[in-house]
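So that you can see what the record holds, here are the features copied from Swiss-Prot:
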type: SIGNAL; residues: 1-19; note: signal peptide
type: REGION; residues: 20-65; note: region 'Disordered'
type: LIPID; residues: Cys20; note: N-palmitoyl cysteine
type: LIPID; residues: Cys20; note: S-diacylglycerol cysteine
type: COMPBIAS; residues: 24-65; note: compositional bias 'Basic and acidic residues'
type: DOMAIN; residues: 66-199; note: domain 'TNase-like'
type: BINDING; residues: Asp79, Asp98, Thr99; note: Ca(2+) binding site
type: ACT_SITE; residues: Arg93; note: active site
type: ACT_SITE; residues: Glu101; note: active site
type: ACT_SITE; residues: Arg144; note: active site
type: REGION; residues: 218-296; note: region 'Disordered'
type: COMPBIAS; residues: 219-244; note: compositional bias 'Low complexity'
type: COMPBIAS; residues: 284-296; note: compositional bias 'Basic and acidic residues'
Amino acid sequence: MKKVLLGFAAFTLSLSLAACSSNDSEKVSTEKETPQASTDVEKKTEQKESTKEKTADKSKEKDKKELVDVTLDRAVDGDTIKVTYNGNVDTVRYLLIDTPETKKPNSCVQPYGEDASKRNKELVNSGKLQLEFDKGDRRDKYGRLLAYVYVDGKSVQETLLKEGLARVAYVYEPNTKYIDQFKKDEQEAKSEKLSIWSKNGYVTDRGFNGCVKEKTTAVKKATTSKPAATQPTTPKASSETSTTTEKEASSETTGGTETFKNCTELRKKYPNGVPSSHPAYQSKMDRDHDNYACER
């Protein structure tokens, strides 16, 4: 009987020890797995935070402006100015926008072109002038600087777009830093039908349609009256005759236009050069393509 009881006790003790061993094993296993799960969660959290930080850094980098101080020489038209940059006078073509023409050779004055030119002149003369370059080429094929223009920290391009005096155009990667904002500004003016957007079909993907008749007439009147000043009169003295002969040798006047052999001859009569609307203007003498020939 004692042997039976002892055997039963031994069996019971064996079962108890096995159960304890199983519980301890599960406990150890759980303890091992729990830190791993916690580590995975922490890693995912860190990755999300890292992604957010990178996105924020990219946004800050995009918004960062490296502005360069320049001095205004003069406004050319609605989307072009001349400035002194690095000690030289340079032509600046505004990035990502286009305004109606006023001085393009062999082209008429387009509606709202004069308005855009006038507004641009007002803006660039109103405060501290600065330029911002994009990632791509800083000059176009004509040698003009390509830049975003600011006056007292405010974008001139955005102002012209918001007022309906310019359209978004000439979009070439990678010079597209502000394309999204510019399109919003353009849409704002378009929705309100401001200036260039007030005429259906006036703005196209290639530019603008139509000419200003009144401006064309004014130019014709100015050109037809010009030859009268160069008509030879009866010489009163030998010096006057000599001057007339010199003018005839350096230029030819035909049908309201004046033709000079080169800029040297042209400057004898027009020391500061002539704009594209002038009878003596020739595109071959406009080397920087700013619609002004033989300027000093």
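Every residue, even glycine, has its Cβ placed from backbone N, Cα and C.
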Spatial separation of Asp79 (Ca(2+) binding site) from Arg144 (active site) - C-alpha basis, Å: 12
Integer Cα-Cα distance in angstrom, Arg93 (active site) to Asp79 (Ca(2+) binding site): 6
Positions whose Cβ lies under 8 angstroms from the compositional bias 'Basic and acidic residues' (284-296), at least six residues beyond its ends: 76-77, 80, 82, 91, 103-105, 142-144, 260, 262-263, 266-267, 270-276, 278
Among Asp79, Asp98, Glu101, which are recorded positions, the residue with the most C-beta atoms within 10 angstroms of its C-beta: Asp79
Counts by DSSP class (helix H/G/I, strand E/B, coil) across the compositional bias 'Basic and acidic residues' (284-296): 2 helix, 2 strand, 9 coil
Active-site residues compared (Arg93, Arg144) - highest count of Cβ atoms within 10 Å: Arg93
Check: same-chain CB within 8 A of Ca(2+) site center, minus Asp79, Asp98, Thr99: Asp77, Gly78, Thr80, Tyr94, Ile97, Pro100, Ala116, Leu160, Ala166, Arg167, Ala169
Separation of alpha carbons, Glu101 (active site) and Asp79 (Ca(2+) binding site) (Å): 9
The domain 'TNase-like' (66-199) - residue tally per DSSP class, helix then strand then coil: 35 helix, 40 strand, 59 coil
